[in-house]
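Positions annotated as domain 'NADH:quinone oxidoreductase/Mrp antiporter transmembrane' by TrEMBL: A:144-431. Annotation comment: TrEMBL describes A:6-29, A:95-115, A:127-145, A:151-168, A:180-203, A:223-241, A:253-273, A:285-308, A:342-363, A:384-402, A:422-442, A:469-490 (among others) as transmembrane segment.
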Amino acid sequence: MIHGEQALLLALLAVPALGAALVALIPATRDRQARIVATVFAAMTFLLSLAPLAYQGDMPRRWDQYTSGLEPWIDLDLPWVPALGLEFHLGVDGVSAPLIALTGLLTLLCCAYTIRKVPSGGAGRTLAALLLVLEVGVLGTFLALDLVLFFLFFEVVLLPMYAVIAGWGGPRRRAAARKFVLYTLAGSVLLLLGVLIVVARAGTGDLVDLTGSVQLTATTQQAVFALLAVAFAVKAPLWPLHTWLPDAHTEAPTVGSVILAGVLLKMGTYGLIRVGVGVAPLGAAWAAPALGILAVIAIVAGALICLRQTELKRLIAYSSVGHMGFVLLGIATLSITGIQAALVGNIAHGLITGLLFFLAGTIKDHTGTGSLNQLSGLRETAPRLAGLFGFAAVASLGLPGLAGFWGEAFAVVAAVQRGGPLWITLASIAAVGGALTAAYFLRLLRLLTHGPATPETHAMPPALSRTEWLAWTPLVLLTIAVGIVPALVLQGTFESLTTLLGARR
Amino acid sequence: MRSQAVDHIALLPLYAAAATAVLALLADLFVAKRAVTAAATLLGALATAVCALAVGPWDPTFCTTGGCSWVPTWPAAVTAALFAALTAAVLALSLPALRLGTAPAGEFCFLLACSMTGGVTIAYAGDLLTLIVGLETLTLPLYILVGLRRSAPDDSAADGRAATRAASASVTFFLISVISTAIALLGIALNYAATGTVHLNLLGPAPTPFAALAGVGAALLVIGLAFKVAAVPLHAWAPATYDDSPLPIAAFLSTASKLGGVLALAAIVSRLDTGAVMSALAVLTMTVGNLVALRQTRMVRLLAWSSIAQAGYILAALTMGAPGVPAALAYATFFVILELIAFGVVTALRPPGADGGTLDDHRGAARRHPWLGAAMVLALAGLAGLPPGLAGLFAKVSVVGALVTEGWTWLAVVVVINAVIALAYYIRVAALLYTLPAQPGIAVADPILVYDATHPRVTVTRPVIVTLLIAATVAVVVGFAPQLVFSALM
């Protein structure tokens, strides 16, 4: 029998899936109504996605009182394909709940944005339906507590995202979309291998059983973690496996970029925490220095590339590489502080970069160019947009008091706490990378908003439309809210992380 | 000489299949109406499927000391029903062409039903000879069916060429097939000389002095059968034959005929040690199949090469021997359903009796036929092993999972790398269906309008729609409930 809260988990997947099917069936003559229907379904899903936050852990307990390394707040376990050891096992805990809410929010904003603005290339209702399918895949990934199920949902997003980029993207969209899909599939087949090795060795794919238990030998854990780390590093993306990202972002339509940066990348970092660290803690400990070094290289490389970058969306894409570097550095420390920093960093990046891509998309739509050589003086022609852009850029560079600060600062703090020459060095380089981040964002603002207005920027309307306010206000408010009260995200994560990391101690 | 006891209930599916063939012949002879002949064959095929599933597992029959030649088990019943269903589907896909008179309906139905009888025999076969007889009965009518293309009444030069091409495809197929059967028979003979047995359940390692002989026999047998599934390097016949034969027959070749080869191979490899040969064949088949498919410009050739690569995944599962057989059969089951949809959509998008055309001929097709486009995306995604083709995803997971569990991790790595290569061409075809055609040289106000005007919708006939609808429904159902397939094949 399925209880109320378990039905919630099912509804989180069923509502957007149903919405997508319904929207796809609406005839072409009612395209606008179809987009409104999609937004209604996205709104329902968003409300549902907030609900798990109300179920969080009852009483704080000592870590040795936990029976498993993973104690979901809500748990739904149904048999599905016994022959493959696959169970339909869903659950929410402190690690996944904020990401689920973020996914619900960003999908809603993107669907609402699509009501007024359909990028050229295809029918708006198809785009809205694809956004809902993407949401099913992402929510499923965050909810899955079975390894094979996790893999399955991980794959769900692949083709819809390809279709979004290839159908509604810029001039070189096909090549970019193909690069995205092949890169990501290459990553996810490694995930499949890793997952199946775990299932074969441990005899189960249930994450509740696997997390923190010592069923796998150290060698197996190292092999599995290596496979999983590469798989998630492609998705996250971690330097040097990031090369698909700038192309995909540059060519993707605005909503595609927002979803890609806001939630799809999080599947990689979430997977690393939940599956990588959870199932193969010894492997994670073994690989942590390598992961940390790569993360720091990503931070510095991302920042250096951004300093030279002249394409707006490409610059934001590379800044994502740097931000995800901080997130991965936090994870690599394998400490509660570090992973909490990673979780906050995830959410902050989703909010801020989502906003940045929305703004960049609007600029590109109106001016017809993303080249920073042709864009300047935005504060004269579109002061409100320029103001918002300034806010997002400052938030992204990690100004204290805004969401971006906590993830980056505490990733560095966690690395320092970890101690030893290696981690101290990594922390210092990451801190320098943080400074470089500030440098390139200030350069970006100088180029974009200051200086004389070019003919292209004169094409910008001085005011913002209602849709734009509607889509952006929540992101701005949440950026401030998370910046002031990071506990919004971190509430409940301490418990979950103590149990997750408990086995390693 | 002692006569063997015969259990007629166990043989019921075979009787139904053979009776279908006879019925088709008689209906053509006495009623001589195309619709009646086709309906009789269709009903017969469905009756065969029902018989196979209704009888289910039964006592083996044609038994002699130690072994039986006819072994009704659940996997046998399910695969026999699958053969019958594929036959019915291919017949339904052929109806528009038959209505045009591109092939004589009576002969067509009779031959197809004969082929089905062979398939049923393979499914139940309990000894090597029955297996070969079944395989030959499956293949023999196909030589004719591949070349069975009567020039249409309004005979034009193009049709004449098509008929010649079909005849040459038929001859190629025939020659290759005869040679492969000879090799397989030699293998059986050598194995018999070494072990003194032909019954599958008695097959096993030969006594020491004959071990080498038996090994050669097993290898030859596998190589002979590898021709049937078009395993690289024994594949060269397949792309040309598929492309030059009528589309529904190409569908039959790549589904039912391939399934027959897989069943035969599964029977052998689960008892004889052929891991070395099989793993080499598997690696070559999937890698070469996928790499060559990347370069194809004709639709059916691309599907043919992809089907070669898919056979490679099945061979990879069979490399493990007995533990890999359930995964291989499950993969084959999911694969034939998806492949049937793919060929069915191509058939539906082309005028009756036409060949598969170039990839460019299919450009933008999904914009005119959104449902056919959706079916094709389902099939191609499934063949690539990605959602929404969940059936294909579970097929891949079962094969890779079995390989990892049995310690063939290196082969699992080859399989997943190939899955990435394969996606490159599957997604090319899928994207092509939704791409607007290249702009004409002159500027037009509304390219979509011009395109629609110059590319009239092909009317899709009802039997094709029904077939595709059923196949797509089955694909979706087994995608969400793959356990049905896994349990049925246990």
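Glycine is no exception: its Cβ is also placed from the backbone N, Cα and C atoms.
Those TrEMBL annotations? Automatic predictions, nothing curated.
Distant neighbours of the transmembrane segment (A:253-273): 95-96, 99, 102-103, 106-107, 109-110, 113-114, 117, 119, 121, 127, 131, 134, 138, 141-142, 150, 154, 157, 161, 164-165, 168-169, 191, 228-229, 231-238, 313, 316-317, 320, 324, 327-328, 331, 339, 342-343, 346, 349-351, 353-354, 357-358, 360-362, 364-365, 500; these residues of the same chain sit at least 6 beyond its ends, with a Cβ under 8 Å from one of its Cβ atoms. Sequence-remote contacts of a segment are chain residues at least 6 beyond its ends whose Cβ falls under 8 Å from one of its Cβ atoms, and for the transmembrane segment (A:384-402) they are 319, 323, 348, 352-353, 355-356, 359, 362-363, 378, 408-409, 434, 437-438, 441-442, 444-445, 448-449, 460, 462-464, 472, 476, 479-480, 483-484. The transmembrane segment (A:469-490) and the transmembrane segment (A:95-115) are in contact, since at least 3 Cβ pairs between them lie under 8 Å (pairs 6 or more apart in sequence).
Among A:127-145, A:151-168, A:285-308, A:422-442, A:151-168 has the largest number of CB pairs under 8 A with the transmembrane segment (A:180-203).
The list of residues near the transmembrane segment (A:285-308) in space but at least 6 beyond its ends in sequence, with Cβ under 8 angstroms from a Cβ of it, reads 218, 221-222, 225-226, 229, 233, 238-240, 242, 315, 318-329, 331-334, 415, 422-423, 426, 429-430, 432-434, 436-437, 439-440, 443-444, 504. In this chain, the transmembrane segment (A:127-145) lies in contact with the transmembrane segment (A:151-168); the count of Cβ pairs under 8 Å, excluding pairs fewer than 6 apart in sequence, is at least 3. Long-range contacts of the transmembrane segment (A:95-115) within its own chain (CB-CB distance under 8 A, at least 6 residues past either end) are made by residues 12, 16, 32, 35-36, 38-39, 41-43, 45-50, 52-53, 56, 73, 124, 127-128, 131-132, 134-135, 138-139, 142-143, 254-255, 258-259, 262-263, 266, 270, 273-274, 343, 346-347, 350-351, 354, 358, 467, 470-471, 474-475, 478, 488-489, 492-493, 496-497, 500.
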